[in-house]
Amino acid sequence: MKTKLNIKLYDEKLLWCTLCLLLIGVTMVTSSSIPIAYRIYHDMLFFTKKQILYLVILFFIFKIFLDVPISFWQKNNKIILLISISTLLLVLIIGNSIHGSLRWITISYVSMQPSELSKLAMFCYLSNYLSQKNSEIVNNFGGFLKPIIIISFPLILLLVEPDLGTTIVILLTTLSLLFISGTKIQKFIPTILIIVVTTTVLIIKSPYRFERIMSFWNPWNDPFGKGYQLTQSLMALGRGNIFGMGLGHSIQKLEYLPEAHTDFIFAIIGEELGYIGACTILFMIFFISFRAFKIGKIALKNKIFFSGYFAFSIGLWLIFQTLINVGTTIGLLPTKGLTLPLISYGGSSLIIVSIAIIILIRIDFELRMKNIQAFYKTDI
């Protein structure tokens, strides 16, 4: 008999890293939201209490979803996609308009952002499609176009909201997954050209997007108008320097920087925790992404294709969304309205991203269980 196999059932590093980011998120939401929470609700901890409530909900979600086998997601991928499309249609009918965008559905005191669910739903569907029709996608151009055409309908709904940021994250992740599946680089050229032309037309024809682009090129031309948010963000980052001003000592959060606790929370992180603190948080997010890639690689090696592609899609999603959020904060990209995963205030983003990571942990768990079963089979 061989010695007892010493394999941990869960990826503890992934679990602890996620938990640390969630706690950092609550801390930074508290610090960045106190002024606006007091002005609007006369309660300095209004947003903190809601964020903690989301974490409590996450605790129960974790216990439920961790027991859900990956086969459930594969079998029900089309239903999940249809539910996502239904909510995207619903938001256009009864959604609340915020800053010119229809992104929220509010029922009583509960609000949800359908675009967050759309990411998980589309990557679930795409992972199943790639796992079943990989040879068709790799060997002919029609097979390559099919998944892009299928996801184009929900993407159009996202553009109607408009939510260009989520659309870009989904497109980049989709193209990256197709590349990972073995598709030759030549097939991407016409698709990328179409995307570039379409994006350019959408920007030119939409005053909302065009203004964002113009303010991005040189925010200092109109620092108190169209370039106000970006200039305030850059001032926050510049003030933070290497070590930061200290937790709670941000000046820009005193309602100088709009969306300080949501889309632009990274600027407050840079101001209070400095370059070192900001880079540490980015490292932790990228650590989760690279763990996802490692898990995906192991799954593909074991020919568990759905789990492999799903794991890769989660890792790519986190990387692209983080890069776009940080890029807008530091002035490298136009404002997109995307949250910083696991950090920014907001229930929809926090819960959906956390569910994605729970799925990732479940994929890893099933791979470990397979190794344990294989060990005991050879042991007998």
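Numbers here mean position along the shown chain, with the first residue as 1.
Even glycines carry a Cβ here, placed using N, Cα and C.
Residues annotated as transmembrane segment in Swiss-Prot: 14-34, 52-72, 79-99, 112-131, 141-161, 162-182, 188-208, 268-288, 304-324, 341-361.
Segment contact is absent for the transmembrane segment (52-72) and the transmembrane segment (268-288), given fewer than three CB pairs below 8 angstroms at sequence separation of 6 or more.
At the 8 Å Cβ threshold, with sequence separation of at least 6, the transmembrane segment (141-161) lacks contact with the transmembrane segment (268-288), having fewer than 3 such pairs. Counting Cβ pairs under 8 Å to the transmembrane segment (14-34), the top-ranked stretch among 112-131, 162-182, 188-208, 268-288, 304-324 is 268-288. With a cut-off of 8 Å between Cβ atoms, the residues of this chain six or more beyond the transmembrane segment (79-99) that come close are 73, 105-106, 111-112, 114-115, 117-118, 120-122, 124-125, 153-154, 157-158, 160-161, 337.
Among the recorded stretches 112-131, 188-208, 268-288, 341-361, the one sharing the largest number of Cβ pairs closer than 8 Å with the transmembrane segment (304-324) is 112-131. Under the criterion of 3 or more C-beta pairs below 8 Å, with sequence separation of 6 or more, the transmembrane segment (341-361) and the transmembrane segment (188-208) do not qualify as touching, having fewer than 3 such pairs. Outside the transmembrane segment (112-131) by six or more residues, the chain places 73-74, 77-78, 80-81, 83-85, 87-88, 90-91, 103-105, 137, 146-147, 150-151, 154, 158, 161, 163, 166, 169-170, 173-174, 177-178, 181, 305-306, 308-310, 313-314, 317, 346-349, 351-353, 355-356 with a CB less than 8 A from a CB of the stretch.
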